[in-house]
Amino acid sequence: MANNIEQFVHRIVDQLNCDSREKEDLAEELTYHLQQRIDDYLNEGFTEEEAIQKSIAEFGDDQTLQDGFQHAFARYTTILNVSLWIGYVIYLISILYELILSRFWSRNSLFYFPPGTDSIWQIEVWKINANFIPLQNTINYLTGIERYNLDIILYNTFGNVLIFIPLGIFIALLFKKVARLSIITLFAMSLSTYIEVTQFFLQIGQLDIDDVLLNTLGAMLGYFLVRGIEISIKSYKKARALYG
């Protein structure tokens, strides 16, 4: 009898124009509600076969249901995607403004020319304004509470992580078919490297490998946050289907 339920559900969801994860979630939701109605009919004294037939009939024609779900999915997906893209563009503009454009007003305090130097290509300038040793500056900040203000420490450590968390969230939601951890890591690392190099050569900030690593970590955390929520929702639905 379970096959009748599965066939009915699959006739509804298999042809929907949505990704496999959404189809699976909808199938679980429909199965859960069908099983609830079947249990109700069983409690009323109907046989299992009668309960299944009555529940399916009560749900309605599978083609009509499929058309209704497709219309709802199309509208929901359009609204969600437009909202996400608007948020994503605003986010990118915000970080580019914060990390590049806004720094033109304070460029002299963010890039240093040692005495006797006047060119960005001099090695002394690179020694002061560039760091290629992973975690060197991060460790200096975290262990140098007596040398740095707390806001400077937080901005250059946790701030660099937090600012890229939305990037991982947006990519995981907007590019579900290709949004693997490796893709998000590579994209975040590339974007952060571009920002760091731009800051350095425009003389509006220092080139720091730690910023790249912390930014990338933030994007990865954003990805894990989305996946964690999805897994939690899926587990909840499965538990509800099993135990009611």
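In case you wondered, yes, glycine gets a Cβ from its N, Cα and C as well.
Nobody curates TrEMBL annotations by hand; they come from automatic prediction.
As annotated by TrEMBL, domain 'VanZ-like' applies to 89-227. Counting residues of the domain 'VanZ-like' (89-227) by DSSP class, helix then strand then coil, yields 97 helix, 4 strand, 38 coil.
Sequence-distant contacts of the transmembrane segment (85-105) (same chain, at least 6 residues past either end, Cβ-Cβ under 8 Å): 163, 166-167, 170, 174, 195, 198-199, 202, 204-205. What TrEMBL records for 85-105 (among others) is transmembrane segment.
What TrEMBL lists as transmembrane segment is 152-174 (among others).
The feature transmembrane segment is assigned by TrEMBL to 181-201 (among others).
Outside the transmembrane segment (213-233) by six or more residues, the chain places 21, 25, 134-135, 138, 157, 160-173, 179, 181, 184-185, 187-189, 191-192 with a CB less than 8 A from a CB of the stretch. Residues annotated as transmembrane segment in TrEMBL: 213-233 (among others).
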Exercise for review: Summarise the model's confidence over the domain 'VanZ-like' (89-227) as a mean pLDDT value.
Suggested key: 92
